[in-house]
Structures are given as C-alpha cells and as structure tokens.
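Participant: Sharing a structure, written as structure tokens. Questions coming.
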Amino acid sequence: MSALPSQFKLPDLLSTCPLKDGTNPAYKKAAAESRAWIGSYNMFADRKRAFFIQGQNELLCSHVYCYAGYEQLRTTCDFVNLLFVVDEVSDEQSGEDARATGQVFVNAMKYADWHDGSKLAKLTKDFRVRFLRLAGPKNVARFVALCESYTACVGKEAELRESGQVLGVKEFIPLRRQNSAVLLCFSLVEYILGIDLDDEVYRDENFLNAYWAACDHVCWANDVYSYDMEQSKGLSNNNIVTVLMEENHTSLQDTSDYIGEKCAEFVQIYLTSKKRLSPSLGPDAALFLESIGSWMVGNLAWSFETSRYFGSRHLEVKETGIVILRPRELPEDGSSSDSDEE
C-alpha cells in the first residue's frame, strides 16, 4: 500500500440514509448513572479515561435507542460502556491474552455462579442482572451465543494484529460483523421492545437481507469515520478501508468514495427487504427491523457530535467532510491499574 495522503474526504452518508434520527429524552439521567457506574471501577489510565469521556458512548445509545424507556436505555448504556472496556483492554493484548479477556466476559455473562474476582467479571455481572430482568429466553440464548462469537472474533483480531496480516474482503466481512459488536447491540433491541423473536425469524431471507444490510452499513460507516483515529494508533488493519485499499490497490480517497456507494446500496437493500417481509412472521419481526434502522442513521449523527473520531474538529468535518490525517501517537506510559485482573 502506498503512503497515505495528508487528508481525504468522507462520503456523505447522511444524504443517502433517509431514515429519521432521534434522541432519547431519558439520555441525561441514564448517561450520568451509567458513567458513574463504569467510573466507580477505575478501569482506565489517564489517556484512556479522557478518550472514554470524550467518546460519549451514552449519547450513541440515545440516538440508536431513541425509543427506549429509561430502564432499558440505562441498560444499553451500561452494555456499550462494558464493550468499551473489553475493546480497549483487548486492543493492547496478544491473541492469547485477548481470548482470555473475552472468556472472562463470556463466562461472567453465561454462568450465574461463575466469578474470577476481576473488575471485568464484576462489570459483566452487573450488566447481566439488568439484562436478564426483562429479556426473553430466546433473546437471552441468542445474546449469549453472540457474546461467544464476539469474543472469538476479538481474539482473532488480536492475532491478526500481532502478525500484521490484513484479510481479504470476503474473510473480513464476517469477522467485522462479529468483532464490531453490532450484532450484540442489535440483540438489545428485542430486550428494549419487550419482544422475543422465534428462531425461525432469523432464518427468513428478507429478514436476514435487511439485518445484514443494516449491520454492514453500521460497520462500514464506522470504519471510514474512525479510520484516521485508528491509523494514528496503528490499529487500522481491522478496518474495511485498509482491507479494500490492500485488495483493490486503490487510494484512500477512491476507497472512501466506494464505501459511500456501498453504504447507499446497504440502505436500499435494508429498505427493500423490510418492505418484502412476510406478514406471517408477525408484527414483532417488522418492529425489530424498523428499530435497527435507528442504528443506521443514529450512528452517523452521533459520529459528528463527539470528538471520538474527529477530535475538536468534529463539527468542521461534518460541514466539509475533510479529514486531515493525524501523525502516529506515541504509546502511553504505564497501563491501567487493574491490567493484571483482565
């Protein structure tokens, strides 16, 4: 891959996503409580703590779960903050260590009596109690299975990072769908809505076409928006931008433009497949698909409302679309005070 340019222009993904964005009226209360909860565990060193605060994960939940009641929104905030912990810890680990971290998360989620005393296990147990209070049995079973797939793919991501390997597009897409945790976040929609879809719904062709299109839209949009941040940290191999540039031998700008075309395609597949959904699947299946659309548009809106991806220039980037690439960051001295517990 040739040297990167000094800047590139983002695709205008908002213009090709006609879905309606919203925010949750319970956001401030749920966000404050969830942030206090995660902060009480003192998980991060100074730079990561600042990054966590600036990212405003709870604001993302306000957009993508704009229809949730207070208790459900608080639970989603807790989960997204928990995912941030898993992601930040595993990003600096070897494949073996990342798999061990993931296993702590899975075991704490899966088994009521399992506990290794780590902060990660405690965080996961706290979330588990909130989630199980309202989630249906089929939703819980699928959620736990997705937790296992997520952690396996996070471990695979760490192994690829160790070796410096960049996957081809066909191999990368299923990995990204899982290690992004988007499917886990979609699974929370059933919990929020108080529905418990039959497994057969997840085998329906039109349902799956809409489901995967929504997932890929979130993943690809996230990757092009986060590319500058990730390349500055040396973590851009787990990003569709890098994968496409490597496989197609294209420039950063041409790749960004292509992602814009693909995201527009994902939107159309989602909308068309949603319309084709058979009424025989029941109103809950249609409601679920309608609700994951909030993830597609809400993810776009949130990305420009915080400094997570674009730093202090986030409003300017929203206006111009121009991203000025940052230099590589120096590694932070020291590590989280509880790194031995993860």
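Just so you know, glycine gets a Cβ as well, placed from its N, Cα and C.
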Participant: If I go by Swiss-Prot, the feature motif 'DDXXD motif' sits on one of 87-91, 177-181, 202-206, 312-316. Which?
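Facilitator: The range carrying the motif 'DDXXD motif' annotation in Swiss-Prot is 87-91.
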Participant: Let me know the most crowded of the binding-site residues, choosing from Asp87, Glu230 and counting other Cβ atoms within 10 Å.
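Facilitator: Of Asp87, Glu230, the one with the most crowded Cβ is Glu230.
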Participant: Among all protein chains shown, how many Cβ atoms are found within 10 Å of the Cβ of Tyr309 ((2E,6E)-farnesyl diphosphate binding site), not counting that one?
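Facilitator: A 10 Å sphere around the Cβ of Tyr309 ((2E,6E)-farnesyl diphosphate binding site) contains 20 other Cβ atoms.
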Participant: List every residue in the same chain as Ser226 (Mg(2+) 3 binding site), at least 6 positions away in sequence, whose Cβ is under 8 Å from its Cβ.
Facilitator: Asn239, Arg308, Tyr309
Participant: Relative to the mean position of the Cβ atoms of Asn222, Ser226, Glu230, the recorded Mg(2+) 3 site, which additional same-chain residues have Cβ within 8 Å?
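Facilitator: Result: Asp223, Val224, Tyr225, Tyr227, Met229, Asn239, Tyr309.
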Participant: In Å, rounded, how far does the Cα of Glu230 (Mg(2+) 3 binding site) sit from the Cα of Phe84 (site 'Plays a critical role in the stabilization of intermediate cation')?
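Facilitator: Given the Cα positions, Glu230 (Mg(2+) 3 binding site) is 15 Å from Phe84 (site 'Plays a critical role in the stabilization of intermediate cation').
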